[in-house]
């Protein structure tokens with residue numbers, strides 16, 4: 001046997017052993033024997049670099065190469081599921097499906113694992129891409145990190161799998177691994193992860209795949225997409241995928257009646273506490289893919305599936321004290337410090353009290369025995385007090401009057417529950433929070449910078465506002481702790497590249513209260529430059545589509561602050577884009593002038609957002625709901641039956657994708 005043949009043999013053997021150990025939980029060899037085979041493979045691969053294979057089992061150990069993730073557009077959007085919380089809502093879902101299909105159907109019941117969603121693409125039996133959910137339209141390419149997860153096959157075995165397909169699932173951190181990781185972080189005085197989902201998500205986004213490999217992530221796969229799938233049944237496809245090497249939950253059940261669905265839910269509402277990974281509900285899916293296609297989608301979720309969320313678990317523990325946190329907007333949030341208590345698989349020591357009204361309503365006293373609940377199984381909150389357990393009444397909890405970080409007097413705006421620190425220019429958490437928002441992906445998208453780096457730069461006195469970022473030089477940061485030459489250069493490069501971010505995102509990045517992405521786009525489209533916006537009157541602002549007086553007043557207040565104007569001036573000097581691009585109107589027409597158009601369904605040639613732009617480009621107006629004033633509906637595949645019914649009732653014209661494209665030619 002040649003060394004090349006031995007490499008191929010070892011790869012095949014190690015793939016099989018990985019599957020037996022991590023998926024079947026039935027190892028055939030000891031860990032020592034596995035490691036010996038792996039070392040032999042690594043030695044041979046080092047001798048024969050020309051025989052490198054990205055899907056070799058040796059690639060699972062990870063690499064310490066630091067690279068930025070690229071964004072990948074999903075071939076099929078990763079939509080979220082509609083949530084339900086009661087048997088009544090489950091019954092309503094079941095009845096809707098029954099009415100729409102008017103034929104027999106089965107419901108596939110699956111555990112709703114609480115991790116981070118992933119989409120895996122396989123071509124010719126090999127893993128070629130792993131992408132996070134992201135915003136549902138596009139996500140991060142984390143293929144290198146996913147290859148370190150032993151329960152995900154790099155190369156499929158068996159036969160019958162399509163030439164190309166996607167399989168989706170959940171990346172998880174088992175409870176035992178989560179507890180071990182937090183113990184290690186506590187020993188190193190590092191911040192603890194709040195729950196396994198955050199730990200799994202954070203791990204998957206690490207730039208160092210060697211660390212990812214050490215975190216022992218797991219994965220369950222739950223949905224196949226693509227052409228030429230083996231079966232019409234979703235459940236049956238999962239069974240086939242299991243034969244190809246995927247880890248499929250053996251808890252999934254196919255139900256023929258609503259009562260069977262409820263029996264499944266009730267059983268796992270109790271037994272889920274004994275599972276090795278976090279779950280927060282049950283997913284119900286119509287089993288037939290043909291029936292799924294017939295039912296279609298809403299704008300946000302499929303009509304053929306829902307998520308039933310378990311009721312939050314409660315525990316009783318003692319309130320020791322109340323501390324306060326300040327967010328980037330200056331909102332002050334009270335936090336209850338508790339005796340440690342086990343709740344939904346994690347140790348809870350702190351819980352949110354939300355605002356002063358909640359504290360007053362609970363009539364809280366230090367030393368009270370309080371009921372703690374995890375909303376959605378994740379965020380702990382106090383929901384009640386056991387007043388019968390009061391033997392000695394401690395001090396009544398009263399909301400603070402001054403900022404715990406900078407000492408400024410707190411204010412409460414009319415109609416709001418929260419108290420605010422208005423010292424936004426000198427309050428450390430607000431400063432750091434604003435900078436973190438500024439550098440985020442949807443804003444300036446500055447690679448290499450994150451909350452830890454922002455905190456480090458702030459502590460070193462290098463930055464005090466967002467404009468300070470543009471004065472940084474490589475020499476300023478290269479000698480900082482955990483900062484090398486390459487990292488420093490990447491950060492400066494990322495800051496420089498952010499100068500090309502369009503005006504609408506710069507406006508969003510400033511963090512003006514109530515000015516989110518959508519508002520920023522509308523404002524930028526109306527005012528074209530930061531100067532024009534700064535000079536706008538209240539009347540000018542409220543005439544912008546969807547901008548009410550509250551948002552307008554917030555914008556005026558922002559520009560009335562000399563410190564904010566100074567920051568904008570320094571951003572201008574740095575070269576940040578404070579004007580909108582000259583809009584190319586050469587292709588604008590009035591072919592759709594005066595027409596109100598509703599978009600519905602899934603399209604082949606353009607995305608929904610692209611069609612919205614085309615409608616506006618040709619003089620039309622996008623509207624969200626059908627009425628007698630609707631000119632026509634641009635309908636793609638899987639148009640919702642309720643919209644179709646309403647359109648027919650009102651006599652609204654249905655226009656296909658091809659017909660629409662001909663209209664604007």
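Numbering starts at 1 and runs along the chain as displayed.
Including glycine, each Cβ sits where the backbone N, Cα and C put it.
Lifted from Swiss-Prot, the feature list:
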- 112: active site, N6-AMP-lysine intermediate (ACT_SITE)
- 31, 32, 33, 34, 35, 80, 81, 110, 133, 170, 285, 309: NAD(+) binding site (BINDING)
- 403, 406, 421, 427: Zn(2+) binding site (BINDING)
- 587-665: domain 'BRCT' (DOMAIN)
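Distance noted between the C-alpha atoms of residue 285 (NAD(+) binding site) and residue 427 (Zn(2+) binding site) is 49 Å. The recorded positions shown are 112, 406, 421; of these, the one with its CA atom nearest the CA of residue 133 (NAD(+) binding site) is 112. Under the DSSP three-state reduction, residue 33 (NAD(+) binding site) is assigned to helix.
Mean pLDDT across the domain 'BRCT' (587-665) comes to 83 in this model. Note on proximity: among 33, 81, 112, the recorded positions of the record, the Cα nearest residue 421 (Zn(2+) binding site) is that of 81. Here the candidates are the recorded positions 112, 403, 406, and by Cα distance the one nearest residue 81 (NAD(+) binding site) turns out to be 112. One way to see the shell of the Zn(2+) site is to take the Cβ centroid of 403, 406, 421, 427; the remaining same-chain residues with a Cβ within 8 Å of it are 326, 330, 404, 405, 407, 408, 422, 423, 426, 429, 430. Cβ-based crowding with a 10 Å cutoff singles out 421 as the top-ranked of the binding-site residues 81, 403, 406, 421, 427. Around residue 285 (NAD(+) binding site), a 10 Å sphere centred on its CB holds 22 further CB atoms from the protein chains shown.
The Cβ neighbour count for residue 33 (NAD(+) binding site), using a 10 Å radius and every protein chain shown, is 12. The number of other CB atoms found within 10 A of the CB of the residue listed as 'active site, N6-AMP-lysine intermediate', across every protein chain shown, is 22.
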